[in-house]
Amino acid sequence: MPSVTRILQQTLSSQQVFYLERWKQKMIEELGKEGFEEYTKNLFLQGELFHSALESIFLSEKMAARYQGEDDVVAGYLSSVEHVLEDISEVKALESGVHHETLQYLGLVDCVAKYRGQLCVIDWKTSEKPKPFLQNTYDNPLQVAAYIGAINHDANYDFQVRCGLIVVAYKNGSPAHPHFMDPDLCSQYWNKWLLRLEEYMDKN
């Protein structure tokens with residue numbers, strides 16, 4: 001069964017592919033091919049470390065305080081999300097696999113918890129550039145909508161989710177941007193996701 005990430009990657013619009021390719025070429029010019037590979041590897045690693053740090057914060061329910069002051073790759077990201085963590089409660093799932101049996105796709109959800117009292121699928125993102133608006137997060141809202149749909153159709157979960165939250169954290173510690181997706185917005189992105197899924201199924 002294909003993953004949400006794979007489906008989205010294989011159905012990028014020609015415009016998205018163009019911008020991604022242009023960005024990649026620009027980075028390779030600046031850093032060289034090996035430098036660029038190193039750069040993407042580090043970004044990926046930082047993302048992984050950030051996710052594990054968040055997971056241990058939620059599991060031990062201690063705030064990010066114990067990460068601060070450490071000369072730590074993720075310290076900046078953690079202080080970046082600190083104000084968002086205060087609004088998060090009742091964590092129901094962490095790094096949890098989901099699958100949609102009817103539509104035949106799967107995914108890995110970062111977190112399901114309440115944000116300001118609303119149950120959300122929460123996606124943690126790291127970014128080098130500020131992303132103050134939801135449209136700056138490209139296909140992330142589609143990913144969140146896809147996960148919500150999967151959870152709501154997955155017998156392993158005994159709850160329904162109607163909202164989403166994308167949190168963009170910054171390495172320099174500047175306050176993260178939380179992008180809340182209400183049920184209306186989620187269903188708009190769900191419809192967009194269904195189109196991408198259909199496109200993927202047609203191709204494959």
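Including glycine, each Cβ sits where the backbone N, Cα and C put it.
Note on Asp110 (active site): other Cβ atoms within 10 Å of its Cβ, all shown chains, come to 22. Annotated active site per TrEMBL: Asp110 (among others), in sequence order.
Annotation source TrEMBL lists active site at Asp123 (among others). Cβ neighbours of Asp123 (active site) (same chain, under 8 Å, six or more residues apart in sequence): Asp110, Cys111, Asn140, Gln143, Val144, Tyr147, Gly164, Leu165, Ile166, Val167.
Its Cβ taken as reference, Lys125 (active site) is surrounded by 18 other Cβ atoms within 10 Å in the chains shown. Here TrEMBL flags Lys125 (among others) as active site.
Marked as domain 'PD-(D/E)XK endonuclease-like' by TrEMBL: 43-179.
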